[in-house]
Amino acid sequence: MKTLVLVAVLGLASLYLLSYASEVQQLSVAEEEFGALIDAFGGLLETEERGVNKEGCRKFLGGCENTGQCCLHLFCKYDTPFNHFCAWDLSFGRK
C-alpha cells in the first residue's frame, strides 16, 4: 500500500513538472513574439524631435521656408507671402 501511494505521488509530481516545463516554454515563445512585435512597431513610437541637436536650426524670429528648419518649439509662420519667420508654437518641455 505504501509503495502504491509513493508511486502515485511521484507520478503526480512528474506530471506537474512536465506541465510546468511546457507552460514555461509557451511563455518564452509568447515573450519572443511580443518582443518581435515591439521591434516591428518600434519605429512608429520613436519620433524625431524637431531641432534637437540639429546644427543650423533657425532660432526665434529667424527666417525659414518650412517648419523643419526651425528649432524645437518653433514653427515657420508667415504674415505675408514673402515674410516667413520662426515663431513659438506654444509648447513646453519635450515633445
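Glycine is treated like the rest: Cβ placed from N, Cα and C.
Note that the structure is a prediction, hence the values are computed from the model and not measured.
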In Swiss-Prot, CYS57 sits in a disulfide bond; tell me which of CYS71, CYS76 is on the other end.
CYS71
Could you tell me which of these disulfide-bonded residues, CYS57, CYS71, CYS76, CYS86, has the greatest number of Cβ atoms within 10 Å of its own Cβ?
CYS86
Taking every protein chain shown into account, which of the disulfide-bonded residues CYS64, CYS70 has the largest tally of Cβ atoms within 10 Å of its Cβ?
CYS70
Whole-number answer please: how many Å between the C-alpha atoms of CYS76 (disulfide bond) and CYS57 (disulfide bond)?
12
